[in-house]
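Worksheet: one structure, shown below.
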Amino acid sequence: MPLPSYTLGVMEASAYAPEVFARGLPSGPRPEQSFEDVAKSAGAVAGDASALLSLQGISLSFGGVVALADIDLSVRQGEIRAIIGPNGAGKSSLINVISGVYRPDRGHVQLDGTSYAQVPTQRLAHLGVARTFQNLALFKGLSVLDNVASGLAYKVRSNFAGQVLGIGRSRGEQRDSRSRAEQILEFLHLTAIRDRLVGTLPYGLQKRVELARALVAEPRLLLLDEPMAGMTASEKSEMASFVRAARDRFATTVVLIEHDVGVVMGLSDRIAVLDYGRKIADATPDEVRNDQRVIDAYLGVASDNEDGAGI
Amino acid sequence: MTAITSDFVAAPVLPKWVVPVLLLAFAYGVVPLIGSSYVFEAILLPFLALSLAGVGLNILTGYAGQVSLGSAAFMAAGAFAAYNFNLRVEGLPLIGSIFLAGIVAAAIGIVFGLPSLRLKGFYLAVSTLAAQFFVQWALTKFSWFSNNSASGVIDAPRLSISGLALDGAVGRYLFALTIVTVLTFLAYRLVSSQTGRNFIAIRDNETAARIIGIPVLRTKLLAFAISSFIIGVAGVIWAFAYLRTVEPDGFDLDRSFQILFIIIIGGLASIRGAFFGAALILVFPLALSRLGGFLLGDLFDSGVLDMSQRIVLGALIILFLILEPDGLVALWDRVRRRLLFAWQST
């Protein structure tokens with residue numbers, strides 16, 4: 001399969017422009033897309049035009065261990081797509097491939113119509129992609145507000161001299177990033193702790209700060225690697241409502257990995273199930289719940305429990 | 001949680017700028033009147049030079065998280081560059097020479113910062129040793145740098161700013177104080193700017209920094225450049241205002257370690273920390289020699305002093321790393337908070 005090599009020009013052309021997508025329209029293609037009609041009729045076929053993100057034949061192995069084997073995945077604009085699977089199924093590897101941390105052995109990642117053999121990590125924010133990490137990846141020495149504002153660092157055009165002397169565009173940028181960070185803090189109910197160092201916060205709040213840092217750039221695609229791991233039940237449901245609210249408010253497409261099947265079923269529009277690096281199911285929560293292969297591989301419910309009670 | 005809340009109760013009552021302004025007023029208005037020439041020559045001038053070097057290294061190591069053992073090399077580069085600019089460029093004002101010397105040190109800093117793009121931690125520290133040995137070797141080997149002086153020694157030019165001669169101890173003190181004040185203020189502005197936050201982001205989590213779009217490579221090299229600029233200017237103060245006569249051997253690995261100890265003891269990622277650390281490192285040997293002389297009399301000769309200094313300093317560094325990894329600054333803040341708290345609750 002010939003892989004189109006990306007050039008700077010291609011990347012610039014697809015660079016993220018936040019003002020072009022209409023707020024308050026949680027799903028559907030952006031208005032100016034020329035293939036709008038095609039997209040509407042095409043439905044959820046892999047690689048179709050309405051897909052914001054699609055993976056084609058992704059394979060990845062570490063030494064002899066196969067982490068991902070020939071994964072296809074198509075994520076539609078505005079959907080919340082969960083990836084579940086037992087430990088070691090390759091979920092985090094998949095997120096790392098999508099965000100360019102890993103380079104897949106085969107296959108490619110298509111982001112908003114541009115195909116990559118390896119997604120350029122350094123350009124990720126410009127492409128409108130933000131992510132969180134399974135193990136917190138916050139900047140411990142910065143306050144909550146500064147952590148969140150750093151999510152806008154990719155936009156900063158002023159140089160250090162301008163910032164030190166407070167001249168040029170640096171003042172406006174500083175004001176803008178602070179006010180946007182404050183809006184996100186407000187949105188995620190973090191305003192009260194804005195000046196605390198993140199290192200001093202309890203785990204659940206740190207997870208939320210990381211979500212805020214990812215959201216502040218108003219990404220088109222948000223990758224969440226176990227956003228609710230280690231949380232209490234009430235923190236989980238709070239986080240789930242934040243994810244849904246973020247999708248509705250910013251029309252963000254969400255791909256999330258989560259272990260708590262109960263939360264996933266309620267939150268996601270569709271669920272892909274991985275097992276030993278293979279995709280064994282990709283459907284709506286109800287269909288996944290009743291899929292015999294999923295039950296055997298992951299849900300661990302006795303196969304005679306037909307109505308799925310207890311899941 | 002309680003500890004954190006109490007931090008907020010006892011927040012400082014004064015605005016941030018009050019203490020620095022008072023200190024500056026004291027340093028400019030009072031110290032020149034009461035200080036003896038010994039105080040200027042033996043304490044205040046090296047204190048200012050080493051503090052500035054500490055501020056520079058803190059930007060690189062404390063804020064951006066890149067360990068460097070080449071500080072003395074950048075000091076030497078600054079000192080010799082300023083000497084040569086002053087000597088060879090006709091009509092260049094002293095400030096111009098100093099600024100260009102900083103630029104030269106920054107350029108060398110960028111070159112020796114290149115390994116940081118691939119190396120981290122100890123490996124990077126070892127690679128910065130290359131700067132230490134290379135610069136010292138080059139300055140000794142090529143006598144052009146010291147204007148063909150046989151021993152590699154350079155003599156500082158007369159210090160003057162726009163016709164105002166600053167040759168006496170007080171003049172050199174004011175000269176150093178002004179440069180240190182300006183650069184420290186700019187450094188403070190830098191670390192609280194977006195660029196400073198990018199430094200911290202790269203230090204705390206490089207992968208996350210890259211993912212959110214911070215230009216990691218450019219930012220690391222910028223940290224090396226700015227840090228080396230400041231350390232280079234500190235080298236100029238060391239050579240021109242403090243010692244007046246320097247040779248490349250004066251900027252050896254010991255000096256690099258001394259600056260590293262200053263920021264570890266004073267407090268990493270703190271501008272104030274460099275001043276705290278430099279004060280301790282300078283005052284401590286003097287206090288030790290007085291104390292030793294007082295307790296032991298003639299037994300406490302210079303050999304014993306030198307050895308006991310090393311032992312006590314080494315022990316002090318170990319103690320700091322274990323008991324107060326955030327340095328004297330954290331210690332000071334805690335004491336001040338306790339005092340304030342006690343004062344408020346009476």
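The backbone N, Cα and C atoms fix where each Cβ goes, and this holds for glycine too.
Keep in mind that TrEMBL annotations are predicted by a computer and have not been checked by a curator.
According to TrEMBL, the transmembrane segment annotation covers B:17-36, B:42-60, B:67-85, B:91-114, B:121-139, B:173-191, B:221-243, B:255-271, B:278-299, B:311-332.
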Feature contact check the transmembrane segment (B:221-243) with the transmembrane segment (B:67-85), CB under 8 Å, 3 or more pairs: yes
For the transmembrane segment (B:221-243), distant same-chain residues with Cβ under 8 A (at least six beyond the ends): 41, 45-46, 48-50, 52-53, 55-57, 59-60, 63-64, 66, 68, 71, 74-79, 81-83, 98, 101-110, 112-114, 116-117, 154, 156-157, 159, 172-173, 175-176, 179-180, 183, 187, 190, 195, 199, 250-251, 259
Tertiary contacts of the transmembrane segment (B:255-271) (same chain, 6+ residues out, Cβ under 8 Å): 50-51, 53-55, 57-58, 61-63, 68-73, 75, 132, 184, 187-188, 191, 200, 203, 231, 277-278, 280-281, 313, 316-317, 320-321, 326-330
Stretch in B:17-36, B:91-114, B:173-191, B:311-332 most in contact with the transmembrane segment (B:278-299), if contact is a CB pair under 8 A: B:311-332
Residue numbers, six or more beyond the limits of the transmembrane segment (B:173-191), whose CB comes under 8 Å of its CB atoms: 24, 27-28, 31-32, 35, 40, 44-45, 48-49, 51-52, 55-56, 59, 63, 98, 159, 161, 166, 199, 226, 230, 233, 237, 241-242, 269, 271
